[in-house]
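**Q** Take a look at this one; I'll ask things after.
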């Protein structure tokens, strides 16, 4: 579903080259309002992301509190980096061009930015997604069978929005059409993974989010990596919207969202917020220094002349299960087109290319090899 349809990185105006500024008021001088994710509130009551807003004249959400391990980015909740330090595309805080310039920088950048960052209309990413992209009535229409199929309403709209708050870049980058396409692509992938492959029903693309656990009966415990010692008696089988699989993926996902999923892998099938977070973690995270699905959808790595094609995506998602067949591709594209139609947005360019050349169905049984 990750498609070559999105616009090139927007060239920011000279006024924004040293930091993004919004007309949004905040703090004690701005009526008590708060700034969007990754922005700071100055003592004068305005939101921005440069030194005057986040440094010595900052009132709240300031440049401070860099993690002791110096990690940053969506995989760890987008924590701040210290003053004069930036978050690189590989998820580390640091200074200099390797962290702060152009396509190498993820946020807190010193010169250019990798893509348009949008000041949210409310106080949270969830508020933005809910108000601008997917409303609750529309979500219920998209997944009209989720309450009467095996998942029994487990995947709620509220859980989706709460989980999205931990990944503020999801569905908030670019214009409204771009944001809608990213959400449509994400929802299409998790729908394909959880549909139970209902090809025998009248409208199979209305049956997303129907399963929590894998529908394949197996005794495999998926304890495949010595880097993440498995808990006694636990299985790391496919669970949740993205069908998270293998102990190393449970370990890394849990580390990113602050849950011990090695000791408690069942949380992915019992807590819907955690379940959605694991899917968003996979979507937003870079694996083995490859671009994330989010980046590929946004064509964020175009500056490095890396066309998001089968080769790039294939480096992120392995083909171990061999589900790259026409029927699954057709089902995936069907979900995507249905959601785009419901969101009132075009499909984008080169749709046939993407589904003929991208093993998108591997999202159905996640097997990505990531560094522990």
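Backbone N, Cα and C atoms are what each Cβ position is placed from, and that goes for glycine too.
Sharing the features that Swiss-Prot gives for it:
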- 24, 42, 43, 44, 45, 46, 47, 48, 49, 50, 51, 52, 53: substrate binding site (BINDING)
- 70: Zn(2+) 1 binding site (BINDING)
- 26-41: disulfide bond (DISULFID)
- 35-47: disulfide bond (DISULFID)
- 40-54: disulfide bond (DISULFID)
- 58-62: disulfide bond (DISULFID)
- 72-87: disulfide bond (DISULFID)
- 81-93: disulfide bond (DISULFID)
- 86-100: disulfide bond (DISULFID)
- 105-109: disulfide bond (DISULFID)
- 24-64: domain 'Chitin-binding type-1 1' (DOMAIN)
- 123: N-linked glycosylation site (CARBOHYD)
- 24: pyrrolidone carboxylic acid (MOD_RES)
- 113-128: region 'Spacer' (REGION)
- 129-372: region 'Chitinase' (REGION)
- 1-23: signal peptide (SIGNAL)
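Describe the structural context of each listed feature in the structure shown, including burial, neighbouring residues and relevant distances.
**A** Within 10 Å of the C-beta of residue 24 (substrate binding site) we count 20 further C-beta atoms, all protein chains included.
Annotation note: residue 70 (Zn(2+) 1 binding site) sits in a coil segment as assigned by DSSP.
The secondary structure of residue 26 (disulfide bond), as reduced to three states from DSSP, is coil rather than helix or strand. Of all Cβ atoms in the shown protein chains, 27 besides its own fall within 10 Å of the Cβ of residue 26 (disulfide bond).
Taking all protein chains in view, 27 other C-beta atoms sit within 10 angstroms of the C-beta of residue 35 (disulfide bond).
Classification of residue 40 (disulfide bond) by DSSP places it within a strand.
Secondary structure at residue 62 (disulfide bond), taken from DSSP and collapsed to helix, strand or coil, is coil.
Reduced to three states, the DSSP call for residue 87 (disulfide bond) is strand.
Secondary structure from DSSP puts residue 93 (disulfide bond) in a beta strand. If you take the C-beta of residue 93 (disulfide bond) and look for same-chain residues 6 or more apart in sequence within under 8 angstroms, you find 66, 67, 70, 71, 72, 81, 82, 85, 86, 87, 99.
In the shown protein chains, 25 other C-beta atoms lie within 10 A of the C-beta of residue 109 (disulfide bond).
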**Q** So which one is it: of the disulfide-bonded residues 54, 62, which has the fewest other Cβ atoms within 10 Å?
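**A** So among 54, 62, the disulfide-bonded residues given, the one with the fewest Cβ atoms within 10 Å is 62.
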**Q** What recorded positions in the list 35, 40, 43, 45, 47, 62 lie within 10 angstroms of residue 26 (disulfide bond), counting C-alpha atoms?
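**A** Those near residue 26 (disulfide bond) - Cα within 10 Å - are 35, 40, 43, 45, 47, in sequence order.
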**Q** For the region 'Spacer' (113-128), what's the mean pLDDT in this predicted model?
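**A** Computed over the region 'Spacer' (113-128), the mean pLDDT is 36 on the 0 to 100 scale.
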**Q** Within the chain of residue 58 (disulfide bond), which residues six or more apart in sequence place their C-beta under 8 angstroms from its C-beta?
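**A** Within the chain, residue 58 (disulfide bond) has Cβ neighbours under 8 Å at 40, 41, 42, 43.
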**Q** Quick check for the class: what is the C-alpha distance, in angstrom and rounded, between residue 62 (disulfide bond) and residue 54 (disulfide bond)?
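**A** Rounded to the nearest whole number, the Cα-Cα distance is 5 Å.
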